[in-house]
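Read the structure below first, then the notes.
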Amino acid sequence: MLLEVNDLAVAFGGVQALDLEYFSLEDKELRVVIGPNGAGKSTFMDILCGKTQPDRGTVRFREHSITGLTEVQIAELGIGRKFQQPSVFPGLTVFDNMVLAARMKKDVFSSLFFKMTGEFKDKVHAMAERVGLENVLQQPAGALSHGQKQWLEIAIVVLQDPQLLLIDEPAAGMSDRETEKTGELLLGLAEQHGVIVIEHDMHFVKQIANRLVSVLVNGKLLMEGSFEEVRNDQRVIDCYLGRANAQLEKV
Amino acid sequence: MLKAKSSSKLATLLFVLFFAVALPAGHWLGIVSVNTISLWGRYFCFAIAALGIDLVWGYTGIMSMCQAFFFCLGGYCMGMHLLLKATALQGQELPAFMVWNNITELPFFWQPFNGFVPALLLSLLVPAVVAFVIGYFVFKSRIKGVYMAIITQALALAMYLLFLRNETKLGGTNGLTNFKTLLGLDLYAPGVKVGLYFVAFGMLCLAYVACRKIVGSKFGKILQAIRDSEPRVGYTAYRVLHYKLAVFVAAAVLAGVAGMLYVPQTGIITPGRMDVKASVEMLMWVALGGRGRLKGAIIGALLVNCLYSFCTSLFPEGWLFILGLLYVLTVLYFDKGFLGLLELLFKAKRLKIAESIKQKAKSHQGGYKYSRQ
């Protein structure tokens, strides 16, 4: 078991943002989390990556309890987070963005005396090719398009070589072609890493949901199942997609 | 791109040649007075402190308003040594201000400053340790942005008030003065003044090269990353606290070096050098010169101080208005400072030349076609 969550709860100003009884993820599993706005999806990821501290509950990652750890300690343990709003280093080049992210010793002195090796460069170039950024390596990251920033952030997270990737709405603001490419990328990543993806776009969910989809509603887990099961579940249709059910019928 | 690099190299070379050769040569030929030389020597000290501000503010985005305090810590350490030497030279046991304040024996914290080497080391160590302690608590509490500016400003004020007091045993309002010799050399001899000028210039070059190395390293990239997107740096497994602390201490040490070199050249250090205004002025040098560029910090410090000397002798009342106007103009129109403005002008000129070459080529081509027809 890569990740195991028990009785996790957090409230913001009296609103129960998350109240999750149980959640678990196998090694190298890709899980899609869906749910209406305010269902607690991003809050869930915030807790997993140390941005938010839960009110109660336990999160075990590779047999380590990670509640109460700082974001740096959690990142060191091997959880990488891609945010909903792309969070890259806009003032640095795409290349430097990736160099900074890559797994290595990250204390002050190692950084001060870091020497670039050819092998390391190849690693960055290989990653750039994987996310389709090989032609913009010397551009400042701030000048990239929204979709490219999303990919850069995914590259940043993957280069940290985490066992668990938390990917928050990777396809937001992408064209259909880009979305499909992102899906392929995520499926490829899931061969080596555990991945949790939050997504709204049902076409995209259908493309990447190779095992289970978890549905969160009002901070609680409504159900877990394959994409087909979730899609046909009346409760999901009712509370998540509304009565009109427009989006599901299209798929 | 290549051209821009080589022209910037040329400018650097000219800068070094001017201050290392031309200005001292002018002095030896009798054109430049020793006071002018000494004045520039002091400006170099300011430029060293400005480099530190640029590291902290320009590159890391931390608005530290107590750089002048660190500058004075270095300065006071050197000043204490110089004063003890001067006192001994006059055959007295205690500096005059202590006698006036009824202090009967040398306070314990004055003792280490009898030796030159300990004083030298302490003028680096004291700012470093103080910066470490301040930085640790401020950065640990994740104080950022304007709050950082306010806290460091308050600290600078508190320290200023502390140094003003006679009970601090550091000379109070009058500070430390009446220095005589440094390593046995007469501080008022022109040769020594020129020597100190060279030492200050050498230190400025050394500080610049060191900062260049820091900024160019992966460490420097992380500083910029902290400035642009601090949370992401944390999620990328860098301990932001350590990095901020490292750069804050490095800047304090630079300020300490600067203060240490400043005092023997000026012959006095008072709490006035560390009031809030002094720190704000240091930020202004960097902002006016070009924040986030090491050369910008140096140019800013030299230029503003140069201008200060000019203006205060021509129209003493107007200086603050001029500085304020320059600052407002910089903030409104040239956020990359003087250096950014220069580059913009050069770029425009280059583009114009490129354009004219293109047009010439076109008209030439056109002419050729015409003649064929």
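From the backbone N, Cα and C atoms, a Cβ is placed for every residue, glycine too.
The annotation transmembrane segment is assigned in TrEMBL to B:40-59 (among others).
Listed as Cβ neighbours of the transmembrane segment (B:66-84) (distance under 8 Å, sequence separation of 6 or more from its ends, same chain) are residues 49, 52-53, 56, 95, 110, 113-116, 119-120, 122-124, 126-127, 130-131, 134, 152-153, 155-156, 159-160, 163, 170, 175-182, 187, 251-252, 255-264, 269, 271, 273-275, 278-279, 281-283. Taken from TrEMBL, the feature transmembrane segment covers B:66-84 (among others).
Within the same chain, residues 66, 70, 73-75, 77-78, 80-81, 148, 151-152, 155, 182-183, 240-241, 244-245, 248-249, 251-253, 255-257, 259-260 sit at least 6 positions outside the transmembrane segment (B:116-139) and bring their C-beta atoms closer than 8 Å to a C-beta of that stretch. Look at TrEMBL and you will find B:116-139 (among others) tagged as transmembrane segment.
Sequence annotations record features per position, and here TrEMBL assigns transmembrane segment to B:146-164 (among others). Counting same-chain residues at least six beyond the ends of the transmembrane segment (B:146-164), those with a Cβ under 8 angstroms from any Cβ of the stretch are 62-66, 68-69, 72, 76, 134, 138, 170, 172-173, 175, 271, 274-276, 279-280.
TrEMBL lists B:194-211 (among others) with the feature transmembrane segment. Outside the transmembrane segment (B:194-211) by six or more residues, the chain places 16, 19-20, 24, 27, 34, 37-38, 40-42, 44-45, 47-48, 51, 54-55, 185, 254, 257, 261, 264-265, 294, 298 with a CB less than 8 A from a CB of the stretch.
Per TrEMBL, the feature transmembrane segment maps to B:245-263 (among others). If one looks beyond the transmembrane segment (B:245-263) by at least 6 residues along the same chain, the residues whose Cβ comes under 8 Å of a Cβ in the stretch are 41-42, 44-49, 51-53, 55-56, 59-60, 62, 64, 67-68, 70-79, 82, 120, 123-124, 126-128, 130-132, 134-136, 139, 176, 179, 196, 199-200, 203, 207, 211, 214, 219, 223, 269, 273.
Residues or ranges marked as transmembrane segment by TrEMBL: B:319-342 (among others).
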Under an 8 Å Cβ to Cβ limit, what residues of the same chain, 6 or more beyond the ends of the transmembrane segment (B:40-59), are close to it?
19, 23, 67-68, 70-71, 193, 196-197, 200-201, 203-204, 207-208, 211, 214-215, 220, 223-224, 227, 247-248, 250-255, 257-259, 261-262, 265-266, 282-283, 285-286, 289, 291-294, 296-298, 300-302, 305-306
